[in-house]
Amino acid sequence: MDGNDLRNVTGCPVMHGGNTGMNTSPVRWWPNALNLDILHQHGARVSPMDPDYDHREAVKALDFQGVWDDVDKLLTDSQDWWPADWGHYGGLFIRLSWHAAGSYRLGDGRGGAGTGNLRFEPLNSWPDNASLEKARRLLWPVKKKYGNALSWADLLVLAGTVAYSNMGLKTFGFAFGRKDIWGPEIDINWGSDSEILAPTDERVTDVADANSMANPLAASHMGLIYVNPEGVNGTPDPAQTAKYVRMTFARMAMNDEETAALTVGGHTVGKAHGGTMADKVGADPAGCPVHMQGFGWENPGFDGNANTAHTSGLEGAWTSNPTQWDNGYLELLFKYDWEVTKSRAGAFQWEPVNIAEEDMVPDATDPSIKHNPIMTDADMAMKVDPIYREICERFHKDPDYLADTFARAWFKLTHRDMGPKANYYGPFVPQEDLIWQDPIPEGPTGYDVDALKAKIAESGLSAAEMIATAWDSARTFRGSDMRGGANGARIRLVPQKDWAGNEPERLAKVLGILEPLAAAAGASIADTIVLAGNVGIEMAIKAAGQDVPVPFAPGRGDATDAMTDAESFEVMEPFADGFRNWSKERYSVSPEELMLDRAQLLGLTAAEMAVLVGGLRVLGANHGGSAHGVFTDRVGTLTTDFFQTITDMAYKWVPLDDGTYEIRDRKSGDTVYTATSADLVFGSNSQLRAIAEVYAQDDNETKFVRDFVAAWTKVMNADRFDLLA
């Protein structure tokens with residue numbers, strides 16, 4: 001073997017130049033630098049699909065009933081490499097769908113099933129998702145058969161819905177239309193825990209107070225979807241666990257009744273697996289050897305018998321008939337006293353005291369053997385917590401009410417991050433409009449847009465007032481769960497009309513002028529707000545001697561208070577907006593990091609973020625008329641002055657005690673401008689400076705205007721799913 005033989009496993013003969021690991025990335029050496037990667041994580045360079053592939057068009061050609069039927073057949077087609085419990089994969093597929101959707105959190109709209117992210121790290125290797133890679137492999141023949149028209153994101157959720165239908169539940173419906181991503185979602189903050197399954201103490205300020213958990217986190221431990229099934233920090237205490245159940249479900253927009261229904265319905269079927277001690281189980285999919293092919297948690301003791309399979313460590317089923325939708329869960333929960341025991345794997349669980357043989361659970365492999373049913377600490381919380389108990393007692397007395405409540409809650413759980421019904425496809429979509437879908441009526445399109453623009457221009461409103469109002473209306477959009485945006489004009493409703501970031505006095509003035517104009521023209525106020533912003537920008541473009549029109553698409557509707565779940569919008573209140581150079585308070589997170597987060601939710605690239613900030617500054621659109629970052633003496637003119645100043649070495653930048661900066665002339669020492677770090681980052685960050693230099697060039701004044709208009713229009717239309725349908 002010579003020195004160039006790459007089979008020499010004792011060391012690589014050359015230092016390979018590709019950065020295929022994490023230890024040599026710039027993030028390692030400069031961890032505090034602004035990392036723009038979250039703006040470019042799912043672009044065309046990552047996707048294997050053709051550039052012109054449009055999933056909305058592809059899904060329309062899908063054989064919807066055929067997919068449903070094939071998944072239904074798969075439920076009872078047990079495979080030797082992962083046999084079905086009782087010959088039925090229903091419980092496994094339901095857990096797959098539940099855990100795909102259950103990572104959603106209301107605070108920032110991230111997580112959830114809408115992208116098929118369960119296929120990637122970290123979710124695919126969380127301990128709470130153990131064995132779900134087996135479920136995905138079982139579904140692969142279906143995905144393979146239907147190809148591009150069927151996304152993994154849709155299939156992962158459909159599987160559980162079909163399973164419930166197969167086992168006797170009248171489901172509420174199902175919508176296709178989710179679009180796959182092709183890599184991990186690096187924008188999501190899953191927590192700063194020191195390790196997977198670190199104590200809850202690491203994400204709360206007081207373990208006794210579940211609500212002290214850091215926002216927007218919505219799980220009690222890193223690596224879990226909701227709460228520890230054994231109890232808070234692994235200590236059984238149903239009363240304390242109830243507090244964490246209530247908090248985690250509330251943070252994914254579920255009320256107490258929906259939470260109880262999901263807990264009951266989720267454990268009416270299927271079983272937990274604790275066939276061996278956790279330390280005997282192999283690595284997760286991300287950490288297992290290459291020959292395992294992503295098949296994680298290898299269990300040397302698994303012999304094809306359900307009793308030797310290992311997933312959570314708990315062992316057993318919750319009901320006597322785990323493949324049938326019925327009221328057995330509540331029957332057993334209320335019929336018996338329960339005591340804490342341990343599974344074979346050493347996990348805490350609850351089992352009934354003196355159970356009758358007819359209530360025992362048949363073995364998942366050998367029906368002649370019977371076992372005790374089990375409950376988790378979260379299940380016992382349904383009995384111990386007085387609010388949950390009252391709800392569950394009603395469910396117990398009225399199984400039909402339970403079934404309907406659960407079916408609706410399941411639909412909400414699995415569709416919460418899809419946005420409005422304009423994103424729904426297929427014959428199983430329910431006709432009923434639900435308030436959590438943020439419904440918006442269809443808006444008018446036949447009015448005279450040019451005439452309305454003329455009236456707006458004559459209204460006496462300043463360009464800055466109109467631009468700021470349009471921006472505030474649109475900036476609430478979150479690509480994470482397709483909520484917010486200018487459509488619906490909810491900026492005029494509670495709670496948005498009173499948000500400090502929306503400058504209520506200025507907002508009321510602008511709305512007071514625009515609403516009569518909209519009514520007279522037969523236009524929606526939602527359209528009129530955006531159109532007014534466009535008018536303001538076109539005024540600024542003309543002042544700069546340019547002639548670039550701002551595109552406008554009519555058709556936005558106006559939502560009403562009755563269509564708006566005000567409480568669910570409260571979490572969307574911005575406490576900072578780097579685009580308008582505003583922060584309600586000084587936070588531990590820097591203004592530029594908050595701006596980056598907003599840009600990611602809006603679906604912007606780094607260049608789009610830069611061009612919008614530079615443009616909005618010179619347009620005078622800052623919150624409260626602040627002068628920070630307004631690097632121009634031509635306010636209201638759409639120029640490249642911001643970028644010319646930030647790249648000009650005639651100035652030096654001096655930090656002040658209040659966290660802001662002065663821009664001083666190097667020769668005279670005079671203060672010329674003031675700024676925040678959300679301004680200075682465009683000169684300090686190497687990537688953003690490279691972009692700023694492009695727009696500061698003498699030959700790119702027109703390009704800047706065109707790019708600003710394109711980015712502005714992208715934000716204004718971010719929620720116009722009707723234009724894509």
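Positions of Cβ are set from backbone N, Cα and C atoms, glycine also.
Remember, predicted model here, so these are calculated numbers, not experimental data.
According to Swiss-Prot, the features are:
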type     : residues : note
SITE     : ARG95    : site 'Transition state stabilizer'
ACT_SITE : HIS99    : active site, proton acceptor
BINDING  : HIS267   : heme b binding site
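Every protein chain shown contributes to the tally, and the Cβ of HIS99 (active site, proton acceptor) ends up with 23 other Cβ atoms within 10 Å. The number of other CB atoms found within 10 A of the CB of HIS267 (heme b binding site), across every protein chain shown, is 25. Note: the CA-CA distance between ARG95 (site 'Transition state stabilizer') and HIS267 (heme b binding site) rounds to 10 Å. The local packing around ARG95 (site 'Transition state stabilizer'), expressed as other Cβ atoms within 10 Å of its Cβ over all shown chains, amounts to 26.
Here HIS267 (heme b binding site) is positioned 13 angstrom away from the residue listed as 'active site, proton acceptor', judged by their C-alpha atoms.
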